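Down below is the structure, laid out as structure tokens.
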Amino acid sequence: MPASFNTAVPDAATAPGRARLFFALWPGPGLAATLAGWAAQARAACGGRAMRPDTLHLTLAFLGAVDADRVPDLVAQTLNQPALPGRITLDRYGVFRRQGIVWAGPADPQAALQNTYDRLWDWLQPMGWRRPAQAFRPHVTLLRRASQLDNLPPAPPPANWAYDGYVLVQSRPQNGVANYQVLARSPG
């Protein structure tokens, strides 16, 4: 979890009018360190900027800019929205060429993760958010602005991720750097 883990809603001074929100799975420190190692290996081959270990996550739902007056209700509902536990095996690198992104993800479909994604969106849609039209592609962004994407190395040994809930996160970019604050965690 990021150091600014907090179940309280930020005050108006830190969220003037709108808050950029997303739901994600957040790795523990051990897995974050493993993924940072994956990022270092990929960076040596592909260049780019590695994500800080405290920012690594797997996005389940990007809500975008949300009116600040909706945030307290979303926080309260998240705290009461149970999530089923599951496991993910991260065993491959992948790229989003246009954005210069290198990511880690599962090579094979992960039924429990897809179920978590589907249940989250089934909960969000009645509140007005639209499920993305494209298929869910689970991934953890490791590098941005990578320029040598054809040099992608073989993936390290698989990393197994057991999760028992997801988090609601506010993104607060500052000077081009990602800063995340966890606002709420679903019960597992």
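Using the three backbone atoms N, Cα and C, a Cβ is placed for every residue, glycine included.
No curator has checked TrEMBL annotations; they are predicted automatically.
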- Pick from 7-10, 119-122, 139-142, 143-146: which range does TrEMBL record as motif 'HXTX 2'? 139-142
- Which range of 1-4, 29-32, 57-60 is motif 'HXTX 1' in TrEMBL? It is 57-60
- Message: Let me spell it out: take the motif 'HXTX 2' (139-142), skip the flanking residues so only those 6+ beyond its ends count, and list any with a Cβ under 8 Å from a Cβ in it.
- Response: 27, 35, 38-39, 42-43, 50-51, 56-58, 90, 93-94, 101-105
- Note on the structure: Least Cβ-packed of the active-site residues HIS57, HIS139 (other Cβ atoms within 10 Å) is HIS139
